[in-house]
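Notes for the one structure printed next.
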Amino acid sequence: MTVLIVEDDDITREAMGQYLKLSGFNVIEAENGEKAVELSENVDVALVDVMLPGMSGIEVVNKIKAKNPSCVVFVVTAYDDTEIVKKCVEAGADDFIKKPVNLELLRLKITHALRNRVFHMYRNSYLKSLKKKLFLLEKTAEEFFTEYEDFLFEVLEILNMLSEYRDMETHRHTERVGWLSGRIAEEMGMSEVFVTEIQFAAPLHDIGKIGIPDRILLKPGILTPEEFEIMKQHTTIGFRILSRSNSPILQLGAEIALTHHERWDGSGYPRGLKEREIPISGLIVAVADSFDAMVSRRPYKNPKPLEEAFREIESLSGKLYSPEVVEAFLKLEKEITDVYRREKDEDTSHNGGRSHQSSPGEGVEGIR
């Protein structure tokens, strides 16, 4: 370790230098500030006398610290003036030593200061290395979650496709229910996270229908009471399928699958929940699912006109549906109408100009 002694008094400088050399330090000496600054670039410790010819000790401290920030600087002074000591500390001095210098105390102070310097060097190096590792970990974690998110969306799409293979209309229905649920949740002031999650989870509401026999699922007519009891099981089947996952979206999907046929007045299934017993996700999807089912063609029914479906949902507010959800839904009436008409126009052009006609007497009671 190299110590720079900056002292204009030859006797004091040589005494300190000799003692420190015997203590195992490499010593460099300077009798003025200009030479001290010139020699300070690679030293570990600098002992600077306050009273120097030409450049003041305070100025020397400042310049040494600017040139070699890691250097430990001691101010050597015969004065008790605290103002001078304060100015030296403000200039960058780490400690001060009073004259006449106690050489053993000087050695101990230097040794202690160097130990602290080494500790801080290793600590800073470690922190820098740790910061780099944390950056890499964050980057790796970000990549992992991006891959996980992509994987999850693929799973959601596969689950939707499973429904599509059983009922070709189901896939488009689930997409519309997802969009409607997201818009209703947004209109209700739900969090951005919830809006995103319900938009992806709502399309899974009927996933349990993959466990319903085709003779019931695709029956072109009203179900018998026995058949309807079997159809009701799609809610619990869907819940069992989705609830096995720890994914927040699939957990929400399980909740929706189980509760989207519950009704505000307690007349729904499978558990006959009512009002606030029904989770908000189930209340939202109940409206989205019912509306889309009303205006869509099914093997057992023709579609209702949009205006008629809106008014039917409105008339059932506080009966079958949550008043709060219906209120948000009706605020979106123009936007929803535009989207559905645009989709209908696209379907009509693809089907050679054919469009669907509604039949009288097809109400919400026909929704499965």
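For all residues, glycine too, the Cβ spot is worked out from N, Cα and C.
Since we're looking at a predicted model, the values are computed, not measured.
Swiss-Prot has this to say about the protein:
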type: BINDING; residues: Glu169, His173, Asp289; note: divalent metal cation 3 binding site
type: BINDING; residues: Glu169, His205, Asp206; note: divalent metal cation 2 binding site
type: BINDING; residues: Asp206, His234, His260, His261; note: divalent metal cation 1 binding site
type: COMPBIAS; residues: 350-360; note: compositional bias 'Polar residues'
type: DOMAIN; residues: 148-345; note: domain 'HD-GYP'
type: MOD_RES; residues: Asp49; note: 4-aspartylphosphate
type: REGION; residues: 341-368; note: region 'Disordered'
(message) Helix, strand or coil by DSSP: which one applies to His261 (divalent metal cation 1 binding site)?
(response) coil
(message) Measuring Cα to Cα, how many Å separate His234 (divalent metal cation 1 binding site) from His173 (divalent metal cation 3 binding site)?
(response) 16
(message) Under a three-state reading of DSSP, tell me whether Asp49 (4-aspartylphosphate) is helix, strand or coil.
(response) strand
(request) Count the other Cβ atoms sitting within 10 Å of the Cβ of His260 (divalent metal cation 1 binding site), across every protein chain shown. (result) 27
(message) As a test of the contact definition, list every same-chain residue at least 6 positions from His173 (divalent metal cation 3 binding site) whose Cβ is closer than 8 Å to its Cβ.
(response) Asp206, Asp292, Ala293, Ser296
(message) According to DSSP, collapsed to three classes, what secondary structure does His205 (divalent metal cation 2 binding site) have?
(response) coil
(message) Over the span of the domain 'HD-GYP' (148-345), how high is the average pLDDT in this prediction?
(response) 89
(request) Look at the binding-site residues His205, His234, His261 and tell me which residue has the greatest number of other C-beta atoms within 10 angstroms of its C-beta. (result) His205
(request) Return the residues near Asp49 (4-aspartylphosphate), defined as same-chain residues 6+ apart in sequence whose C-beta is under 8 angstroms from its C-beta, sorted by sequence, else 'none'. (result) Val6, Glu7, Asp8, Asp9, Thr12, Gly57, Val75, Val76, Thr77
(message) Tell me which of the binding-site residues Asp206, Asp289 sits in the most Cβ-dense spot, judged by other Cβ atoms within 10 Å.
(response) Asp206
